[in-house]
Amino acid sequence: MKKTGSINIFTNHTEISEKTRAHLAGKLTDAGYKVTDSFSHETELIICVGGDGTFLEAVHTLDFPQCPIIGVNTGHLGFFQEISPESMDSFISDYGKGEYSIQTLNTVLATVTDRHGRQSRHLGLNEIVIKGRHSYSVHLYISIDGVPIEKFSGDGILVATSAGSTAYNYSLGGSIADPRLKLLQVTPMAPMNTTAYRSFTSSILLPADLSLGVVPEHQENCIFITNDGIETGYTDVKDIKVEVSDTSVRLLRFKNYDFWNKVKTKFL
Ligand code: NAP
Ligand code: MN
């Protein structure tokens, strides 16, 4: 990776994050780095101070930057976040010595096409959620790689990346997927199973080269697409294609990082 000495710190503006930012900026400046508030082509590393929500905000605000990111946890859970405010000295030392690896996380892309052929794209690091308005159920024709699979009825469907499998997906009863697995996990949200409607009740796992097709039964109804918590409403949706995207997010990981150990300490 390109070493320019320029580091961008992104924070949510809570008191603890601001304090951590100031402390970290001082230490980095002493170590010879140039610390900036904005991201540019010169930036060699983004440090994100906050929780997972802040991490996701940084990724979206900076439009899925290709330079590495590292999170300092001052939030609630901090699943993406690698370091604590107390371990900044060892972080700066390990970083300077190049003692780290890069974890590449895949993203999920939803392409929405309306009845007039207009297209909009939404990228998610955690997931894409497709649901109806308020508390109405939705009826969605689901296909895999162009092959019709089911008519889903329920609250909606969630398509998670492996990195997002521990977020909303997990709360819905989806599986935890090791982020080294490049796949999509399609998890039903409150699927209806009656003599009137039949839907799969478990998650479906798709390999990276297969896409999911979603066609709303009633095109005129409002459909909401949410990528990592960012919601957009559509009427007139003809179809939605959901697939693994070429864009990835690169995280800095240090020697003590282990995904399953993180799952254990954060969830159990
Ligand atoms: P939020 O409502 O504050 O997030 C809910 C929780 O999910 C927070 O504790 C957050 O951690 C955690 N989280 C986010 N990404 C995670 C990941 N990859 N693995 C494990 N936990 C993760 O909203 P937010 O902070 O802006 O995060 C947006 C995400 O919230 C969405 O992408 C969605 O996955 C998730 N969400 C979950 C539910 C649910 O579980 N019922 C409902 C809606 C949305 P921090 O405390 O560190 O921020
Ligand atoms: Mn949050």
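Backbone N, Cα and C atoms are what each Cβ position is placed from, and that goes for glycine too.
Predicted automatically and left uncurated, TrEMBL annotations should be read as such.
Database features, via TrEMBL:
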ACT_SITE  D52  active site, proton acceptor
BINDING   D52, G53, N126, E127, D155, A163, T166, A167, Y168, N169, Y170, S171, A190  NAD(+) binding site
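Less than 6 Å separates the Cβ from ligand 1 in the case of none of the binding-site residues D155, Y170, A190. Here the CA atom of D52 (active site, proton acceptor) lies 15 Å from the CA atom of Y170 (NAD(+) binding site). Note: N126 (NAD(+) binding site) has non-local neighbours L56, A160, T161, A163, G164, A167, Y168, N169, D228, i.e. same-chain residues 6+ apart with C-beta under 8 A of its own C-beta. Of D155, T166, A190, all annotated as binding-site residues, the residue with the shortest Cα distance to the residue listed as 'active site, proton acceptor' is T166. Among the record's NAD(+) binders, D52, G53, N126, E127, D155, A163, T166, A167, Y168, N169, Y170, S171, A190, no two C-alpha atoms are more than 25 Å apart, and one pair sits at exactly that spread.
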